Amino acid sequence: MVWIVVPYCELHIMTNMEEQKIILVEDEQDVADLIVQGLGEDGYRVIHLGRSEGLEQLLAKQDVSLVLLDILLPGTNGLDICKQIRQWGYTDLPVMMLTALGTPENVVLGLDNGADDYLSKPFKLIELKARIRSLIRRQQSIVQATQRELLPSKDTFSYGFLRIDDYKKIAYCDGQELNLTSTEYRLLLLFIQSPKKVFERTELLDKIWGINFDIGSNVVDVYVNYLRKKIEKVTSKKAIHTVIGMGYVLKIED
């Protein structure tokens with residue numbers, strides 16, 4: 001392990017150039033040491049910052065696969081840092097929040113502020129590693145899908161009064177453009193590609209958030225409700241239905 005000191009931050013860098021790079025922003029040294037060592041054993045190159053200063057410069061210089069971000073940081077809030085990461089232009093960079101604030105409300109708040117995943121302390125290293133693998137796989141699939149857009153393919157999907165132009169990433173309801181967030185867009189795209197299919201909440205967590213197990217959160221219900229409201233602002237017809245005890249289905253009655 002190599003220690004490098006830069007202004008306002010401290011870096012621990014694992015030294016295999018072929019490893020995927022992860023930035024860890026964590027002020028608790030014992031937690032940071034555990035993560036750096038554990039992820040290093042799995043071949044990740046971990047860059048540790050004790051505080052958020054210097055993060056923007058690192059992101060500009062390093063080819064980073066993922067950011068692990070504590071919420072309670074000295075002099076700042078990790079949620080604000082997460083929003084800044086998105087504002088800096090890293091809209092597709094996976095960000096996972098690490099925090100002792102683990103209520104469902106905190107989880108939803110973190111996801112709403114741009115995080116891709118949220119892990120409560122204390123956590124098991126094996127779970128952290130599994131979530132990291134899931135997020136990186138999801139990011140790689142997004143990159144591959146973007147590359148496929150350059151090839152001839154079906155990029156328009158329609159069902160009833162709903163239509164998606166997946167090349168332009170625009171959704172329409174009764175011909176009117178819907179102002180959707182990226183998460184709402186992916187959710188509607190999944191529904192419109194398989195109309196009348198009932199999606200369980202765990203399946204939606206996996207396909208939309210890259211989380212392949214139940215996190216005990218109502219984030220799926222929250223985002224389905226967001227999407228419903230935007231559709232129902234345009235039309236009085238029902239599109240997304242709740243299937244009690246199972247999940248959600250896109251079904252438009254004639």
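Cβ from N, Cα, C; glycine included.
Look at TrEMBL and you will find 21-136 tagged as domain 'Response regulatory'. Across the domain 'Response regulatory' (21-136), the DSSP tally of helix, strand and coil residues reads 51 helix, 30 strand, 35 coil.
Counting only residues at least six positions away in the same chain, the Cβ atoms of Val25, Glu26, Asp27, Glu28, Gly78, Met97, Leu98, Thr99 sit under 8 Å from the Cβ of Asp70 (4-aspartylphosphate). Annotation source TrEMBL lists 4-aspartylphosphate at Asp70.
TrEMBL lists 154-252 with the feature DNA-binding region.
What TrEMBL lists as domain 'OmpR/PhoB-type' is 154-252.
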Mean pLDDT for the DNA-binding region (154-252), as a whole number? 90
For the DNA-binding region (154-252), the DSSP helix/strand/coil residue counts are 35 helix, 26 strand, 38 coil
